[in-house]
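Here's what TrEMBL has on this protein:
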BINDING   A:7-11, A:69, A:103, A:154-158, A:185-190  ATP binding site
DOMAIN    A:4-232  domain 'Phosphagen kinase C-terminal'
Ligand SMILES: [Zn+2]
Ligand SMILES: [Zn+2]
């Protein structure tokens with residue numbers, strides 16, 4: 001199933017009770033929250049957090065963190081003073097002064113939502129011991145946006161759904177699951193397109209259900225989508241085998257031999273090859289390698305990888321080189 | 001009905017103003033209403049974002065008939081209810097209690113629920129336990145007083161004060 005679930009993510013939104021929310025914050029409030037949270041985070045001995053003030057990070061480094069899904073684009077471009085704490089394994093990040101004072105996020109590869117929830121819950125418990133949260137007996141965790149109130153929990157999966165997309169089933173699926181309180185977004189979150197046939201599925205309801213039920217609901221709907229994707233792949237194979245084989249081998253050929261490739265084109269081709277591997281068509285490489293590529297081809301990460309800034313043209317050449325090397 | 005201000009154009013905007021329990025109605029045309037300025041009339045239904053879309057229907061016809069009684073203001077951060085509705089974001093934790101009665105329809109629309117049943121922060125859980133203990137001790141105190149056990153009553157009273165101090169410190 002790991003060939004369909006790319007990542008599992010848990011996010012908890014939290015606020016301090018005695019400071020205005022970020023929309024009404026001044027510089028003093030913003031620094032105050034950062035200082036208090038930093039002091040607490042550095043007390044934690046279980047995880048090894050590194051702390052960054054966003055404004056002190058070069059733009060390219062911020063972009064790398066966005067591409068690794070460790071911070072949101074909103075945090076990177078925040079007008080108020082903001083920060084992030086990232087654990088050394090880069091699975092956990094705590095964003096400070098994003099839409100809420102605190103956004104605890106845990107992200108793992110594959111289907112590991114339970115593990116992600118346990119980590120997030122543990123970190124939340126720890127922070128709560130030292131900070132006074134905005135919480136109400138009736139409404140639970142008080143958040144900046146009414147769509148997050150209650151648990152403040154967002155449980156999400158990044159899914160790779162090439163066959164459902166190819167067969168034109170995605171619109172119908174999105175319509176259906178939206179009615180079930182599940183949101184669907186593209187690779188880079190809100191408003192982004194489903195580039196590379198990657199879809200982010202997450203709960204929309206945060207109030208009136210316990211955390212475990214919210215997660216179970218997202219898991220159950222995700223499992224149904226996975227099943228449909230598997231059915232769709234079988235259908236493609238039995239009815240259009242020649243077409244599918246041609247499609248994935250062409251994609252593999254371009255990735256393996258191209259000398260110049262944009263991140264968008266690479267993403268599309270990686271998606272095709274990835275499907276080809278899981279269908280048993282392509283045996284020359286592995287899903288794991290394709291997932292490494294999925295990260296590495298992104299514009300800022302590729303510059304980070306080579307340790308220097310590059311023009312877009314130079315990036316496209318280096319990207320092709322890197323893809324060839326990894327597919328060797 | 002013609003506009004009460006200019007008397008020329010038809011009145012399409014209707015205010016209901018309640019001051020000290022006295023209700024006054026005002027009927028204006030769009031031009032005069034705009035000049036009044038205090039409330040936006042440009043496009044009462046211009047749904048600029050997803051959240052606005054969720055918030056609008058919760059107020060039904062009130063959007064067409066803005067009334068001054070809706071000008072709730074948060075004691076914590078000074079945000080007005082209209083401001084919240086436009087931004088779709090709260091200004092501080094106190095906004096929730098300040099806008100309390102207006103929030104039920106909004107939460108019901110977004111979540112289908114109005115009551116949190118999930119995680120309780122440990123510290124908050126302790127507070128709840130302390131409050132319960134205080135309630136229990138108060139009953140015990142009454143019994144002690146009724147039985148004229150004044151020494152015991154004094155001890156219970158001290159215990160209550162101690163717990164109340166603990167609550168207010170957090
Ligand atoms: Zn008029
Ligand atoms: Zn407020």
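Here the Cβ of each residue, glycine as well, is placed from N, Cα and C on the backbone.
Annotated features taken from TrEMBL, shown on the structure.
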residue: A:7; record: ATP binding site; contacts (Cβ under 8 Å, 6+ apart): A:69, A:107, A:108, A:109, A:110, A:157, A:158
residue: A:10; record: ATP binding site; contacts (Cβ under 8 Å, 6+ apart): A:105, A:106, A:113, A:116, A:117, A:119, A:120, A:153, A:154, A:155, A:156, A:215
residue: A:103; record: ATP binding site; contacts (Cβ under 8 Å, 6+ apart): A:11, A:12, A:13, A:14, A:72, A:75, A:94, A:95
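Reduced to three states, the DSSP call for residue A:10 (ATP binding site) is strand. Looking only at other Cβ atoms within 10 Å, the busiest spot among the binding-site residues A:156, A:185 turns out to be A:156. In the three-state DSSP scheme, residue A:156 (ATP binding site) is classed as strand.
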